[in-house]
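Asks: Taken from Swiss-Prot, the feature region 'TOG 1' covers 1-223, and the record attributes it to similarity to another entry. What Swiss-Prot lists as N6-acetyllysine is Lys48, and the listing cites similarity to another entry. Taken from Swiss-Prot, the feature region 'TOG 2' applies to 268-502, supported by similarity to another entry. Annotation source Swiss-Prot lists repeat 'HEAT 2' at 356-394, citing sequence analysis. What Swiss-Prot records for 501-579, 1078-1156, 1420-1459, 1801-1822, 1893-1926, 1948-2032 (among others) is region 'Disordered'. Marked as region 'TOG 3' by Swiss-Prot: 588-817. Sequence annotations record features per position, and here Swiss-Prot assigns phosphoserine to Ser816, Ser1469, Ser1861. The annotation region 'TOG 4' is assigned in Swiss-Prot to 853-1081 on the grounds of similarity to another entry. Per Swiss-Prot, compositional bias 'Low complexity' is recorded for 1078-1095, 1909-1921, 2002-2015. Here Swiss-Prot flags 1193-1428 as region 'TOG 5'. Swiss-Prot lists 1932-1957 with the feature region 'Interaction with TACC3'.
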Amino acid sequence: MGDDSEWLKLPVDQKCEHKLWKARLSGYEEALKIFQKIKDEKSPEWSKYLGLIKKFVTDSNAVVQLKGLEAALVYVENAHVAGKTTGEVVSGVVSKVFNQPKAKAKELGIEICLMYVEIEKGESVQEELLKGLDNKNPKIIVACIETLRKALSEFGSKIISLKPIIKVLPKLFESRDKAVRDEAKLFAIEIYRWNRDAVKHTLQNINSVQLKELEEEWVKLPTGAPKPSRFLRSQQELEAKLEQQQSAGGDAEGGGDDGDEVPQVDAYELLDAVEILSKLPKDFYDKIEAKKWQERKEALEAVEVLVKNPKLEAGDYADLVKALKKVVGKDTNVMLVALAAKCLTGLAVGLRKKFGQYAGHVVPTILEKFKEKKPQVVQALQEAIDAIFLTTTLQNISEDVLAVMDNKNPTIKQQTSLFIARSFRHCTSSTLPKSLLKPFCAALLKHINDSAPEVRDAAFEALGTALKVVGEKSVNPFLADVDKLKLDRIKECSEKVELVHGKKSGLATEKKESKPLPGRAAASGAAGDKDTKDVSGPKPGPLKKTPTAKAGGPSKKGKTTAPGGSASAGTKNKKGLETKEIVEPELSIEVCEEKASAVLPPTCIQLLDSSNWKERLACMEEFQKAVELMERTEMPCQALVKMLAKKPGWKETNFQVMQMKLHIVALIAQKGNFSKTSAQIVLDGLVDKIGDVKCGNNAKEAMTAIAEACMLPWTAEQVMSMAFSQKNPKNQSETLNWLSNAIKEFGFSELNVKAFISNVKTALAATNPAVRTSAITLLGVMYLYVGPSLRMIFEDEKPALLSQIDAEFQKMQGQSPPAPTRGIAKHSTSATDEGEDGEEPGEGGNDVVDLLPRIEISDKITSELVSKIGDKNWKIRKEGLDEVAGIINEAKFIQPNIGELPTALKGRLNDSNKILVQQTLNILQQLAVAMGANIRQHVKNLGIPVITVLGDSKNNVRAAALATVNAWAEQTGMKEWLEGEDLSEELKKENPFLRQELLGWLAEKLPTLRSTPTDLILCVPHLYSCLKDRNGDVRKKAQDALPFFMMHLGYEKMAKATGKLKPTSKDQVLAMLEKAKANMPSKPAAPAKAMSKPMGGSAPAKTQPIPAPVEDSVSSTIEAKPDLKKAKAPGVSSKAKSVQGKKVPSKTTLKEDDDKSGPIFIVVPNGKEQRMRDEKGLKVLKWNFTTPRDEYIEQLKTQMSTCVAKWLQDEMFHSDFQHHNKALAVMVDHLESEKDGVISCLDLILKWLTLRFFDTNTSVLMKALEYLKLLFTLLSEEEYHLTENEASSFIPYLILKVGEPKDVIRKDVRAILNRMCLVYPASKMFPFIMEGTKSKNSKQRAECLEELGCLIESYGMNVCQPTPGKALKEIAIHIGDRDNAVRNAALNTIVTVYNVHGDQVFKLIGNLSEKDMSMLEERIKRSAKRPSAAPVKQAEEKPQRTQNINSNANMLRKGPAEDMSSKLNQARSLSGHPEAAQMVRREFQLDLDEIENDNGTVRCEMPELVQHKLDDIFEPVLIPEPKIRAVSPHFDDMHSNTASTINFIISQVASGDINTSIQALTQIDEVLRQEDKAEAMSGHIDQFLIATFMQLRLIYSTHMADEKLDKDEIIKLYSCIIGNMISLFQIESLAREASTGVLKDLMHGLITLMLDSRIEDLEEGQQVIRSVNLLVVKVLEKSDQTNILSALLVLLQDSLLATASSPKFSELVMKCLWRMVRLLPDTINSINLDRILLDIHIFMKVFPKEKLKQCKSEFPIRTLKTLLHTLCKLKGPKILDHLTMIDNKNESELEAHLCRMMKHSMDQTGSKSDKETEKGASRIDEKSSKAKVNDFLAEIFKKIGSKENTKEGLAELYEYKKKYSDTDIEPFLKNSSQFFQSYVERGLRVIEMERESKGRIPTSTGISPQMEVTCVPTPTSTVSSLGNTNGEEVGPSVYLERLKILRQRCGLDNTKQDDRPPLTSLLSKPAIPPVASSTDMLHSKLSQLRESREQHQHSDLDSNQTHSAGTMTSSSSTTNIDDLKKRLERIKSSRK
């Protein structure tokens, strides 16, 4: 008992340390009571126990330890000094409490840790807990994980840093202990609540089963953003206030913290900085000084590649910067200057603040270089100086900038002012104090009086920006002497400025923005209560706790429920079934057979391994049918796939069986519950077949189906490992291709990138180029999701390979990853809340750095190295430092354990040798990058000493120290630096340099923090002393930092801290505080973003990578918003109404709800006029530039803001081109409905469109041009006239695009220029186009010259400005141009003038060189056109038009406009070839506008035709040379009543008058030649082909027999016919409209034409035959393949039946059929086989086998067999399913023939016989055997080989080839030398040219591949005049139809025949097999023509009767028609 009495007397603190456990127990109990009684947290009583708390928790006695833990918990909760014990106590808890068996001890230990977090020691707690994860005891690990999980759940990810936790997670999942793995799973679920993407990406490599389980749990989690349930002490007071205000219904301004966005892992943070200095070429510094610019360029290009890395490692860049600076400043080559500027930009962007030390050296040089005026240089310099500014402060470079302001060069002054303006935009009122503003204002005020307007404008902009930033109060003192006009200009500029930190500033705005917060908080609280309970359990304690409520601490805290448990229970019902993984054991083969036999037919299983492939194929078909019928639940997937794998399995040799197998695998995966076990069975076989040519696609489909069933990440990993375990390069490349597509379809978010990287690297090293290419393609796809950081992983690859990778990445630049369309990604994105996190799968790429292994370097930090670093000799110290740098460089990424290195490096920071200090600092920067976030554990022992170096007297040392501190802070964040007294101790030192740099650093860092440790208050007294420092710079820096300290600490705390100051000082400081309070920025940097995200205000580009159609996107946005508001912010709605319509810059989407519902263009009264006045008065920039600069774009934005809907403006000025397309689509939609708005904003719209002309994206440009065409059409309809301002700011930029290389763009631009003449006088257009002829672009010059010719042709010489003489002299200069197209265009334009004015042109063009004059004279001689004064005559006839052309105000309208437009189009097309300039007469033009305006009455031009010079019919007509066609201008406005006009024109095609027919064909051809107009012909194709075919018959029967008729005219008619048809058959959509009957007649006519001997006798006959040949090929290729094949079969049948038919005819039909057979493999899927087989059946019925054998030639039967064989080969047994249209299959020979053929083809491939058949066919005319042919050809080649007979041999070979065109001479050439082959080919070409040159028609008669020719010569066929060639009896109906046509031609009435039933009714009856001839289709079409003709005549007569004097009367009209009838009768009789 004596012992007991001794310790009982001891004081409490000694009892706690006593060796007896009872004494300690008593001590702990007493201590607990004492702790609970102390009310003051700062009581000195707490300090007594400061060193004992660790012992409380680490007591060896378990019972005593429990009491100690209770006491420790109360101590930590209530003691102010408790934070100092954090490290040792938490370490003790981890090691001595968490391993205890008692649950109570563990719970108390966890509570202690959480309490330390609450008192703001979270990072220390986290650090100790993370150390505990390395403990070997699983219990400790589990407890540490649980503590971290609870801390995260309660305090949130803002307090508990996720980055270090996420990195250790994978290791926990690998633990052997199940409890550790289970707790890790719960932890991963909790982390996922706070940061989804980061944890997903990190855990991709864990066991797939674990990953699957996790994913199932993740899906259950609520989608809403989580909120902390417990708060730090510093936040609790704020929370209490917020709750009170919310309950009182008041506004809570301070409640923004709740809504803070959860901090995401920043991609830039995860990037490893790239060290580029060592990678510079060794000879870089020599090359950069080289005399040759090419060498200097090489050096700069090498640097440019290196600085493209997004993050650069800090280092000594001084030499590099110096070299680049020298190039910028002194190099004479502007291209190199721009390149060097780009390099500087890259350095500044990559180094960020680390580049700041070099900014002062570079800025003056860049500013001086602005004297260079080249746009590309100026732009590069602007980008460089803007990037550099962001690395430094305006204060640092102010002296340099101000020095340049006095430069005499206006460009330098302008650019400097603009730079200042841009810099001011980044400033705030605190960073732009008066002391800094004053010198800038003084300099800028000089500039506003400068003589150069651009300098004045720039100065106004800079002053306006300053005014916007700091307010009028600060700037007005400097503007006292400025006059009112200039002051107004400054204010105007100020209003337009948009600041980087927000458009509006000041407290009012902040208050407005913060008002919705309480409502939103309340709403989300109400809506989210359930979720909160689920996740956090019953823990309201911390929410209501105030600092005063301390009693009973532990009990009040409550117990937190594990989120894994309760959250799971709360969200179980929400789980989606589609994400559940199917798990099944592997079954034995016996079980599989048993299960399969239950669901498959018995024969199916028996025949699986049959030796007969047909049986196996039949078995597969049954298998497939069975699988298709199975239900998901009853499908035994594993059993089925094992059956498929049964021998022969995946080694199946027959490709058809194999294809079926693979297809069945895909079906099973899609339809059944397909598990990974099943997948493992088949994947190996699929990978083996993926490279197979025939089965590869099926294998890919199966793999995709498996990926959907088993998830892509797992499938891809398996497939890749299997593919690269093989050696087959084809399989590898195809696997990579499949993966590329799969990633696009499934998304990227869950892929195990690490596994792929190794395989991709293997692929890149492959010898096979296909594998490498596929790997690079895959990398390109991955780049879409991962971003530029992906490249780092491949930096070690060979340069050539790296350049290919870079090129692939470049292609992907700017593209968005496509939205996933398959797999779970699709469901999860749709299920995600709209505002939740619009991130794309690409976010997964943020953790790419984590893919790289970190290396342990502690073993390399030896004691020898440490002693070297500390050696007395500085050289040895340097060696040691060099070694350390080398070690870190080599490792790149290192682990945090670096041994004794920190101590050694710390010593070197105080080194007397400053070079070594700098080197040490560089090493520390390297260390930060290499170690990453783990560097934070070295902040106290290494980071703080670096801050001491900031006090060094040398600038460069301080700069290096600052760069090091920044590098560390980037990795660690700021909390480590601000915690404790270290920073305040540094600030306390009275070193001006140290204070200056440190305060500047704090001013930079503090604004970015959302919260700071309370220890920041310790710095305040020293901050106040700095405010009074003797050094002005220190005082300034202190003033700059003051608002940011106040931002975090609040005004009250700051004011309270002045209590210890002297009264005088206190007053000064309080005044400064008041001033700082006004400028204090809002504390949280991102609450606005946090609000905008959940409320749907984020950019649509993020959430919708693939833009939806505009209508959908707009409407869906409008509809979706109200739902969003209901769900998320019901409390805000009332306020939204109150602020509706006001321009509040709120980040919520409330303002956007109404935006899209209103008009897109707002009519502002006199808005356009005001803008014109502003531009005229030089208040704004004149729209005149070479390339658009930022200031122009900003100006346009500002101007648009008042009259363009905000949402549309955002789309218009978005950086992504897809948004521009969207904007244009919306503008097109609103064009008609908002005419007034469009016209009022026209100047702005046109300016915006000029910006799009400078885009490189073709789709935007095409869309813009399409919009312009519609716009100018609308303007002309509205009779609008372009103003001078609109024209001058648009036309020059439009003319730039006329030189585009793409034809379609040039064509559109020309069309727009044409339409512009309707809204702007042509005479004013002329100078703009003339200016375009001065371009360096030859295409632009040529097009502009051609356009000038069109204008002159249309408007006469009056259009030439300033005078015709000057204009023509300018045009004539281009005759001597180097470019051929320009010369031709200039010559043609002059010839156009010559055609109008004759020889007068020679006076106007002045003196030309002899060469140019001779070219012009030659061209004029060659011109086929006689001088004509057409425009002059028109001017006489229409004086109004002349007036309008010369008038500025009045423009041509309606009728005259049409006429002018038509003429302009004609002139445009004819100007290139004046010899074809005979005008198409008015009678044959399609005047659709007039038709449309005639109120539905069809008005054809027939009466005019009758009235006009009828005697011309008997005179020779000058036929237009078939060159380039005139373009009809009226098809744009084509509507329903154009059909009658087209019918009328088509009827004229069949006219007996050649001239009429040619004119009609020309009209149709001009339509067919224009893609946008050709659709008008749709529905008229059969009608047109019938009319054309009739014209061919007419030529054959009448014209060719007429000896009086000039055969050249027939050739021209043929040219037009064939040209028309070739144009038609090049348009696939129209060609496919031709029906079978019409095609049959057409082919009949064309083949007969080729056999017409009379054609061959004509001079151009051969050319005609070649043209027909080409046309036949086009018809065969482009027509509907079913129709043409059917037509040919019927034609062959008819030709064989007809006794009069020539054998040659049948042979040509068969040749056509053989060509169709060759096309079948490509067209088989588009053919209706049932119809074709019906035609063959009918053919075989008409020609049975015996009858065919009786034919003279064997080729019909061989043709039929070849066709059937090919069909069998392509379709296989399925062909027998296509006999559905044959009524009696049993009677048909066809079925039996097909069965025989199928049986035969099973045993033989049949390919040999096919080839022999085709060869036989190609020798159809050869009577000799193959051997004889070979002998004959051998003889010819022998002659060619001899010197004497070479020419004779070539001639014979040419004749032979011509006669037997299908003969293959390749075998004879194959064995000869290359020289001999080319000699033979050249010789044949020469002979061909010689023979053709004698009688060649002018170039217009040939058909160029581009189809530039209008009409092509075409011989007709030998068709009988009766219209039928097959010898069949022709019925009377055909004669009647022909009679109707003749009557119509003569204007006679056809009404008497109306009661006759139409012939087409015969077609409805199932007549005999042959296809109905086209003649049968004439009746309905011609009836329509007749009716329209009669309507036209009647309406004309009616209208004529009511006409005034000067028009025809009814009687005269009738007389003329009668006269016409008589004349036509006379013509008809004379022709007979």
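Note that Cβ sites are derived from N, Cα and C of the backbone, with glycine treated the same way.
Where in this structure would I find these features, and how exposed are they?
Replies: Look at Lys48 (N6-acetyllysine): DSSP puts it in a helix. Long-range Cβ neighbours of Lys48 (N6-acetyllysine) (same chain, at least 6 residues apart, Cβ-Cβ under 8 Å): Asp13.
Long-range contacts of the repeat 'HEAT 2' (356-394) within the same chain: residues 317-318, 321-322, 324-325, 328-329, 334, 337-339, 341-342, 344-345, 348-349, 400-401, 403-404, 407, 409, 411-412, 414-416, 418-419, 422-424, 426-427, 431-432, 436, 955-956, 959-960, 962-963, 1000, 1185-1187, 1189-1190, each at least 6 residues beyond the stretch ends and with a Cβ under 8 Å from a Cβ of the stretch.
Under the three-state DSSP scheme, Ser816 (phosphoserine) falls in the coil class.
Per-residue pLDDT, averaged over the region 'TOG 4' (853-1081), rounds to 87.
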Asks: Sort the residues of the repeat 'HEAT 2' (356-394) into helix, strand and coil with DSSP and give the three counts.
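Replies: Helix/strand/coil tally for the repeat 'HEAT 2' (356-394): 30 helix, 0 strand, 9 coil.
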Asks: Applying the under-8 angstroms CB criterion, which one of 268-502, 588-817, 853-1081, 1193-1428 scores highest with the region 'TOG 1' (1-223)?
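Replies: The stretch I would name here is 588-817.
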Asks: Out of 268-502, 853-1081, 1193-1428, what stretch is closest in contact terms to the region 'TOG 3' (588-817), meaning most Cβ pairs under 8 angstroms?
Replies: 268-502
Asks: With every protein chain in view, how many other Cβ atoms are within 10 Å of the Cβ of Ser816 (phosphoserine)?
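Replies: Taking every protein chain into account, the count is 17.
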